[in-house]
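Feature annotations, reproduced from TrEMBL:
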type	residues	note
ACT_SITE	Tyr153	active site
ACT_SITE	His161	active site
ACT_SITE	Lys200	active site
DOMAIN	123-208	domain 'tRNA intron endonuclease catalytic'
Amino acid sequence: MEHLELERRKMIDRGEIVSTEIERPTRPDEVTVISSYVESVSAADNNSNDFLNTIRTEDDVILTSDGVLISQEYFQLMPVEAFFLSYSLGVLTVSEGGKTLASVDLFNRLLVNQNFFQFDDKFILEYVVYHHYRSLGWCVRGGVKFGVDFMLYKRGPPFSHAEFAVLVIPCYNDEITDNSLRKDWWWNTNISRIIGGVKKTLVFCYVEIPKDTKTLDNEGLLDVTGLLSRYRVREIVYRRWLPSRNRD
């Protein structure tokens, strides 16, 4: 049947026979659509240069008049990062209200409790640990995603995964205070399971809190260098003991 239909089509094309098929007339709406499409294509061809040079309203926010892309991302630093770059390396200037903050002013500004100085202030403890690992050559990043304080990288997140997850734990000379704030083993096990699930090594970083003697300089201001030098850091690597893997 297909062979006969093909021969019939050829004979119609040669004019040997007349087709008996009734062609469907084009509907008015089809004519309108086709004509509109032709007009749109013609207009686009005629105004192609104007179309390419047209800048949308939203492009004004991300492009300058010269067509240079404007960065919309803000560079954010952790408080310990900002103080390390300003105080230790001297490569960052921090201003507030148009006034450049000195190291001691920036230090006081970053304290969690600015009204009453505390030796176990969270910012001080975290900075001591941050400074400690940065001095050893580690790339230190925040660890809130994994429930810890810091993550340690050899080179940085773009190059490798973090090897260690660090928890900052204050260690007091007063045994009563130290025991009242100590976490139980259920808490330690929970953190360990989370860190073990992402193939990191958990590190408990104990920061020894100095006695309540504030260090002042000759002008009566807080001696940041003298204060930080009185803190001590101890590290304990925590790993789960698995009988099937750790038999020796």
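Heads up, the Cβ atoms here are built off N, Cα and C, so glycines get one too.
Summarised by DSSP class, the composition of the domain 'tRNA intron endonuclease catalytic' (123-208) is 35 helix, 24 strand, 27 coil. Counting every protein chain shown, the Cβ of His161 (active site) has 11 other Cβ atoms within 10 Å. For the domain 'tRNA intron endonuclease catalytic' (123-208), the predicted model reports an average pLDDT of 89.
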